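Here is what Swiss-Prot says about this protein:
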- 1-25: signal peptide (SIGNAL)
- Cys27-Cys165: disulfide bond (DISULFID)
- Cys58-Cys153: disulfide bond (DISULFID)
- Cys71-Cys116: disulfide bond (DISULFID)
- Asn94: N-linked glycosylation site (CARBOHYD)
- Asn115: N-linked glycosylation site (CARBOHYD)
- 119-142: region 'Disordered' (REGION)
- Asn140: N-linked glycosylation site (CARBOHYD)
Amino acid sequence: MFHVSFRYIFGIPPLILVLLPVASSDCDFSGKDGGAYQNVLMVSIDDLDNMINFDSNCLNNEPNFFKKHSCDDNKEASFLNRAARKLKQFLKMNISDDFKLHLSTVSQGTLTLLNCTSKGKGRKPPSLGEAQPTKNLEENKSLKEQRKQNDLCFLKILLQKIKTCWNKILRGITEH
């Protein structure tokens, strides 16, 4: 009996076959000199950082988003693309116009500099879920405040990671 497996025919370890699509990126960096980042995005990121009241226990809670998405080698563009799209969700919050302006600048500026092509996947609209029982007014207020604090913690961490990722990319570009 003649037993030949796929990996021996083509000489490719199976791990590479699994990791190959993840490492490839459909983004092209524009503004490779870093000027647009330094002069526009960095300023808005710093302004947003200063606007957010930082709570010391924010850093102890790492959200699942960062466990699933990180700025690892060859994944920088993918991380920044997801992070910029995540920033857009914060525009729906009840925040000041100045805050929205900086948030929009960072989100749109990042997406513009990355120049990513969309994959055209259709998204399923979020379900409304089951009706929740109403709670008393005090509980609702405290839950809203807690949620807002968690959102601001997440935003603060996200901005720091975006900044770190951009710096990593620009260091890599200047070295080559």
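Backbone N, Cα and C define each Cβ position, glycine as well.
The shown structure was predicted, so the numbers you read here are calculated from the model rather than taken from an experiment.
Everything Swiss-Prot records as a feature, shown here on the structure.
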residue: Cys27; record: disulfide bond; DSSP class: strand
residue: Cys71; record: disulfide bond; DSSP class: coil
residue: Asn94; record: N-linked glycosylation site; DSSP class: coil
residue: Asn115; record: N-linked glycosylation site; DSSP class: coil
residue: Cys153; record: disulfide bond; DSSP class: helix
residue: Cys165; record: disulfide bond; DSSP class: helix
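Of the candidate recorded positions, Cys27, Asn115, Cys153, Cys165, the one lying closest to Cys71 (disulfide bond) when CA atoms are compared is Cys165. Cα to Cα, Cys27 (disulfide bond) and Cys116 (disulfide bond) are separated by 4 Å. Listed disulfide-bonded residues: Cys27, Cys71, Cys116, Cys153, Cys165. The one with the lowest count of other Cβ atoms within 10 Å of its Cβ is Cys27.
Closest in space to Cys153 (disulfide bond), of the recorded positions given as Asn94, Asn115, Cys116, Cys165, is Asn94, taking the CA atom of each residue. Of all the glycosylation sites listed here (Asn94, Asn115), it is Asn94 whose C-beta has the fewest other C-beta atoms within 10 angstroms. Annotated pair Cys165 (disulfide bond) and Asn115 (N-linked glycosylation site), C-alpha to C-alpha distance, rounded: 16 Å. Recorded residues Asn115 (N-linked glycosylation site) and Asn94 (N-linked glycosylation site) have their alpha carbons 29 Å apart, per Cα-Cα distance. Rounded to a whole number, the distance between the Cα atoms of Asn94 (N-linked glycosylation site) and Cys116 (disulfide bond) is 29 Å.
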